[in-house]
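Residues or ranges marked as Na(+) binding site by TrEMBL: Gly52, Ala54, Val55, Asn59, Ser287, Asn319, Leu384, Asp387, Ser388. The transmembrane segment annotation in TrEMBL covers 76-97, 118-139, 200-220, 229-246, 280-301, 313-339, 372-393, 413-436, 448-467, 488-506, 526-548.
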Amino acid sequence: MGMLSLPGFLSCGKKKDFSLSNEKDAHVSDNDENSDRGNWSNKADYLLSMVGYAVGLGNVWRFPYLTYQNGGGAFLIPYTLMLALAGLPLFFMECSLGQFASLGPISIWRILPLFQGWLASFFQSLLVSFFFLAVFLSVKDCNATLDGQIIHANYSFITSNNLTCINDTINYKPVQFPSEQYWNKVALQRSSGLDETGNVVWYLALCLLLSWMIVGAALFKGIKSSGKVVYFTALFPYVILLILLVRGATLEGALDGIEYYIGKQSNITKLMEAEVWKDAATQIFYSLSVAWGGLVALSSYNKFHNNCYSDAIFVCVTNCLTSVFAGFAIFSVLGHMAFVLKRPVSEVVDSGFDLAFVAYPEALSKLPVSPLWSFLFFFMLLLLGLDSQFATIETLTTTIQDIYPKMMKKLRIPITLGVCVLLFFLGLICVTQAGIYWVNLIDHFCAGWGILFAAVLEIIGIVYIYGGNRFIEDIEMMIGKKSCFFWMWWRMCWFFITPVLLVVNHPDLQPAPTYGSVPYPTWGTAVGWCMIIFCVIWIPIVAVVKVLKAEGNIFQRIASCCRPTANWGPYLECHRGERYSHVVTPKKEKEHEIPTVSGFTSRTPK
């Protein structure tokens, strides 16, 4: 007995036609609501991908230092307020936008064609190779007496010269930590500056290649494969953080480190300084990865009626709690290092590269079985970097899919691998002897003004041009009708508070970047400004092109570009309802294919 099936016009995105081409995209399964683009296999895949994307390196190497620097526990007050007033509203907006139209970060601007040049740059992959190297190359060192002088040397040097490590260092000439020397002279083979490019460091290049091979393997089926990989890459860092925290809490001096982080050393008077609030807003903005396109891309694969509101709250809260949790693991070990060296915690703490590759590894080297702890720490950083990179590449492939859906259906694997190969070659400049200067330059410029500018345009375009109330009605089509009281908070944030905070807390202009004490040449600064201009210049260029292609006088052209396109709305017809019943669906390429059996049998005789 055969099963009855719904007529084609009543089905929602699922095609049961028999086709002679018999093409099947690995990105799509039979259970997907959207048979053109595919959906997440389950909600856990999506949430873990979002957590992996949002929780990144800044949670571990930047937030703990900012907390310590800005009053300890008192810093959590502005941090929480900025989450509620700026981070969460932007995060919820982007998740809702992507889910509503089931489109990536470029095609989503059918909502406002004038802003379709909205782009963001990224450089997360350029760091991953460093973490691979650190996983494979860990060092142990100690103090010893040689010819009557106290030296600080690599442990292999101590043993090879039949020396004995001493427990205390009383007086010796201040030198770089061995981990810092190893990082600069061995791992990076760092040159004297950006002017001296030097050679490609072969083991860094191999690590970069290995990282891109992992990314390509994880994404060869798009979200269907990456959604499974994140069960390990998103969850295992928490296991490592817990292990490091438990080990750190058992060490002498750990309490001193934690008190500097968030305990008795907290300084409530710091809240009177504007810089503290600015640091809180900046950290929230960048740690949630808003305005990079990844949130829109990942959310575009949700089913239409998914509760994106609860998802946004879950991911944002998880991200912030992870930052606080990571701080305990970091400062407990740094407190022990300060105890061993008989120095204040303030003299051993640092942020960024120096924390990840110098201060914390130096602290771990003083523990028993130090290679194990070093391996776990760098492996955690590696997983955090890979998670964010998965989403970044998925953002690119999603954009290509929206623009060339038929090509992506046939060539998903070659295109994904091609993107990885291209970015590998682009990243080679960052694994030269001057590579760290390039990474620092990109971080200094591209991760600042460009992203902030994109975020401000995004919220202005959606709230003030498309219409905030209209956007709320779109969201209610997905998550159901809500009361006016429910939307009161979001209206206040979207219409006023969030854009004001973004403008007020803009990054400072720093015309001459430095790496440590090494200044950058004038041409390096010029290259940095060129990079940031290249990131944002497409917005006015595309806007001008759109206006030129429109019809009418200049005012009519601008007005038409500020209205949604004819095909803006929910991707599937069954979700459009009366509000979007007018949406024009572009002719599908299937009309030009060889006729199918169902195509003949469904025709009505004249």
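Each Cβ is built from the backbone N, Cα and C atoms, and glycine gets one as well.
These numbers come from a predicted model, not from an experiment.
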Exercise for the section: Report yes or no: does the transmembrane segment (313-339) come within contact of the transmembrane segment (229-246), defined as 3 or more CB pairs under 8 Å with a sequence separation of 6 or more? Expected result: yes
Fill in the blank from the handout: Outside the transmembrane segment (76-97), at least 6 residues beyond either end, the same-chain residues with a Cβ under 8 Å of its Cβ set are 67, 108, 111, 262, 271, 276-277, 280-281, 283-285, 287-288, 290-291, 295-296, 299, 308-309, 311-313, 315-316, 320, 324, 455, 458-459, 462, 471, 474-475, 478, 490, 493-494, 497-498, 501-502
Problem - Selection from 229-246, 280-301, 372-393, 413-436, 488-506, the stretch that has most Cβ pairs under 8 A to the transmembrane segment (200-220) - result: 413-436
Practice task
Mind checking which residues of the chain, 6+ beyond the ends of the transmembrane segment (488-506), have their Cβ under 8 Å from one of its Cβ atoms?
Solution key: 82, 85-86, 89-90, 92-93, 277-278, 281-282, 285, 449, 452, 455-456, 459-460, 462-464, 468, 472
Practice task
Determine whether the transmembrane segment (448-467) and the transmembrane segment (372-393) share at least three Cβ pairs under 8 Å, counting only pairs 6 or more apart in sequence.
Solution key: no
Fill in the blank from the handout: Maximum Cβ pairs under 8 Å to the transmembrane segment (229-246) among 280-301, 372-393, 413-436 is reached by 372-393
Exercise for the section: Would you mind listing the long-range same-chain contacts of the transmembrane segment (280-301), meaning Cβ under 8 Å and 6+ residues beyond its ends? Expected result: 34, 37-40, 46, 49-50, 53-56, 58-59, 62-63, 66, 70, 75, 78-79, 81-83, 86-87, 90-91, 94-99, 101-105, 108, 119-120, 122, 223, 308, 316, 319-320, 323, 388, 391-392, 394-395, 398-399, 447, 451-452, 454-455, 458, 501-502, 505, 507
Exercise for the section: Mind giving me a neighbour count for Gly52 (Na(+) binding site)? Other Cβ atoms within 10 Å of its Cβ, every protein chain shown. Expected result: 27
Exercise for the section: List the other residues in this chain whose Cβ sits within 8 Å of the Cβ centroid of the Na(+) site residues Gly52, Ala54, Val55, Asn59, Ser287, Asn319, Leu384, Asp387, Ser388, in sequence order. Expected result: Val51, Tyr53, Gly56, Leu57, Ser289, Thr322
Fill in the blank from the handout: For Val55 (Na(+) binding site), the nonlocal same-chain Cβ neighbours (under 8 Å, six or more residues apart) come out as Ala234, Pro237, Ser287, Thr318, Asn319, Thr322, Leu384, Asp387
Handout entry: Most Cβ neighbours inside 10 Å, all chains, among the binding-site residues Ser287, Leu384, Ser388
Key = Leu384
